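Undergrad: One structure, pasted below without further comment.
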Amino acid sequence: MSAGNDTAGPLTTESGAPVADNQNSQTAGAGGPVLVQDQLLLEKLAHFNRERIPERIVHARGAGAYGTFTVTADVSRYTRAKFLSEVGKETETFLRFSTVAGNLGSADAVRDPRGFALKFYTEDGNYDLVGNNTPVFFIKDAIKFPDFIHTQKRDPYTGSQEADNVWDFWGLSPESTHQVTWLFGDRGIPATLRHMNGYGSHTFQWTNEAGEVFWVKYHFKTDQGIKNLTQDEADVLAGQDPDSHQRDLRESIERGEYPSWTVQVQIMPAADAATYRFNPFDLTKVWPHEDYPPIELGKLELNRNPENIFAEVEQSIFSPHHFVPGIGPSPDKMLQGRLFAYGDAHRYRVGINADHLPVNRPHATEARSHGRDGLMYDGRHGRTKNYEPNSFGGPTETGRALWEPTEVSGVTGDHSAPSHAEDNDHVQAGNLYRLMSEAEQERLIANLAGFISQVSREDIAQRAIENFRKADEEYGKRLEAAVQALRS
Ligand code: HEM
């Protein structure tokens, strides 16, 4: 859609009147003051002032592309989701990649998790999987998220990200040790958006036609192979070409080199959850593959660039609460918080009718709600009734929930997530460290030490190091020595 701007003809004002002069504003005589009657000038200046909407509070910097998801294995015994119902079935998708902490104009080649937000335009409505390129996260309760992000973003006084704040929070939040080990390892700075994996990260519920429940975790394994940048390479690239990742994605699609991911899922029967060795709903933990081997599910290919970045990427909205029949949330406390946070952000950032913009609305069905009016409403419901039940026909409720209920027990209150037999905040960080090659451990220690050595207070640095020592004695010892070497 180009609003006629690709054909010759008169330039017009926003209301369609032909423009006589787009170079000179009107004045009271040559050299005199400018006239209020110059509607074109006023309209241009006013429109320009309103070109921005609030950037995302996190994940502001991003790039997106459309694609196709194709089912390659029959998983219909685990979920009744229609878009997963048969091998060969294709569903249109839109994927937005992002960094987390940087503002809209920040550089791509930085050490930060990458957002991997995927919209499936299914015949049962849009299903959004709003994940990252990391299988775990820093914290396990949504109530800590605003504090956590405050430490990643700009300090209220200095206006910069501060090592003191970052390490103070991580040191005081031992559950972050696993994700921090991941982030400062080799995968912390992907070479491009095409050369990294994606993860749904949380545990989600799948339910089949018979109402049986399974807990699942999604993995998107890059078919391009994993490629990363070292800290030194990234430091140079971020300065030389801040748009490196966005450009690479667009150009590869323009060349017809469509990036793809093999989609896998780990599946846990509902009955296993209570006795599994780790709390299966704890976002700071993975399910080791020997416990639940990932099985192949499909292929995701990105094959079309957006035409207009503002309309399709900046205004795109993804929400973990966009489920379709057969898929639902788990009791993961982070996910539960996210079920609220995103819709709220969209209403603030894009507006109450954000769901109806072309990139956001369902493509394989239509929204038939009684939500009406509001800012920028386009009148799509015409004269139809705006309430339900009514006696005039129109859409009605189905009587079948999208997902199955979960059993709960106990009393209300501020509970921490339950610990299972092998749960503690350091065990999986230690396992990840020991999985790394000697060379990768070296780079991990150097990356961590480079940052921790910038902390101004010894107690904050020491507390941070202590978490890595608890993960693995040698890990902590090497890190402490590296920090001391940099400080002396
Ligand atoms: C309770 C914890 C969290 C809260 C409250 C939260 C909140 C938010 C908010 C408000 C946005 C901006 C949305 C917008 O303006 O459109 C956002 C974006 C995003 N978040 Fe989270 N988030 C949380 C945790 C996570 C986790 C654990 C992941 C990944 C596993 C994640 C992945 C993303 C992604 C990928 C985006 C960008 C979506 C896009 O491309 O538009 N977030 N988050």
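Indices start at 1 and increase along the chain as displayed.
A Cβ is built for glycine as well, from the same backbone N, Cα and C atoms used for every other residue.
OK, TrEMBL features for this one:
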ACT_SITE  H59  active site
ACT_SITE  N132  active site
COMPBIAS  10-28  compositional bias 'Polar residues'
COMPBIAS  363-381  compositional bias 'Basic and acidic residues'
DOMAIN    12-396  domain 'Catalase core'
REGION    1-30  region 'Disordered'
REGION    363-400  region 'Disordered'
Undergrad: Would you list the DSSP helix, strand and coil counts for the residues of the compositional bias 'Basic and acidic residues' (363-381)?
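TA: Helix (H, G, I), strand (E, B), coil: 0 helix, 0 strand, 19 coil.
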Undergrad: Counting by DSSP secondary structure, give me helix, strand and coil numbers for the compositional bias 'Polar residues' (10-28).
TA: 0 helix, 3 strand, 16 coil
Undergrad: I want to check the contact list for H59 (active site): same chain, sequence separation of six or more, C-beta distance under 8 angstroms. What comes out?
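TA: S98, T99, V100, G115, A117 - these are the non-local Cβ neighbours of H59 (active site), listed in sequence order.
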Undergrad: Validating a neighbour-count step here. Other CB atoms within 10 A of the CB of N132 (active site): how many?
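TA: Neighbour count, Cβ to Cβ under the 10 Å cut-off: 24.
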Undergrad: In which DSSP state, out of helix, strand and coil, do we find N132 (active site)?
TA: strand
Undergrad: As a test of reading the model: what is the averaged pLDDT for the domain 'Catalase core' (12-396)?
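TA: Taking every residue of the domain 'Catalase core' (12-396) together, the mean pLDDT is 97.
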